[in-house]
Amino acid sequence: MNTGDPRENTGPAAMGSGSAEAASRAPASRAHAVPAGDAPAAAPRRRSWGRVLRVGFLVIALGFGAWAVAGQWDAVAAAFGRLSWGALAMSLVAVVGALGCGMMVWRALLADLGSRLPLRPAGKIFFIGQLGKYIPGSIWPMVAQMEMGRDHGVPRSRSAAAFFLAFPVQLGSGLLIAAVTLLASTPRSIGPYAWALLLIPVTLVALEPRVINKVIAFGLRKLRREPLPVPLTRKGMLTALMWATIGWVMYGAHLAAVLSEFVAGFTLVHLAVFSVGAFALSWCLGIMTFVVPAGAGVREVAMVAVLMPVLGAAGGQGTAIAVALVSRMVIVMGDLICAVCGGWAARRTAGSAQGHAQQNAL
């Protein structure tokens, strides 16, 4: 008996009509299944190309780094010959700490923009990406960080924004610290570069989140990109500035460890304060030269000029050049150590990458 309830239509006719209906739907479902079957096959191909590009990036970056070292090897070897193992170890440890602070600056900015990364994945992305600074041009670290960040769900726009925001943070804090420390320790060393201090008020204004958010929005609008969903906050900027300041102190400790082997007659406090300012000023001058890989050459020339008033009685220009070359090579060693350690640590937590990606995609 049929009560009108469609659930009671279980007779042969109903079954036949159901079979016909299922048959009519089958081709459509099979048609839609074909692209779905192609998707898993395409994904491994994309991952394979991604691995090839990343390996190629590392090979090129390491090649340029080796070329930079080999081109100055005689001078570097002579300078290293005057450096004790203890001073070298102290200098290298301080550099690794300073590079870690640089990673924390970038991580703090990225988190403030809405993508929070655990330390290990952040270290891998930042430190391996930083090897790109040894390739001519300044875009390669950003490109590498954008591509590796995608594995953890970080949108490219956020990676690019965090990368570019790190520059004014480092530049503004570096110039301010250089002005304070050099004027307090050795005022005559800053004379030739006093013009750079005029950038301090400009960079401090540029670090105001309201200004930065407007600049980012304007740039994304011109590029026809979606605006950042989370604006930069004052808390995030202050966190980044805190890590940048600690980083400058660590870089100063690195330079002081090297200088202590080449000069005498300076108190530890005087040497430490001067070293912080000397490195910060030379780094800021080097980073203003965007075409040169990692500021190569420019930073060393600036460091020699800043060191000359202090090293005039301790070997003059030759000693200043030796100190600058040793500093450069120790930083190269630190970059390689951080990249290896960052990649190794991230492999231990590779299984959680999907969870990070889902969280950062929100």
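Here, residue 1 is simply the first one shown, and the rest follow in order.
Cβ from N, Cα, C; glycine included.
For the ranges 117-139, 301-323, the feature annotated in TrEMBL as transmembrane segment maps to 301-323. With a cut-off of 8 Å between Cβ atoms, the residues of this chain six or more beyond the transmembrane segment (160-184) that come close are 102, 105-106, 109-110, 113, 141-142, 145-146, 190, 196-197, 199-200, 203-204, 206-207, 212, 216, 228, 232, 237, 240-241, 244-245, 247-248, 252, 273-274, 276-278, 280-281, 283-284, 287-288, 306.
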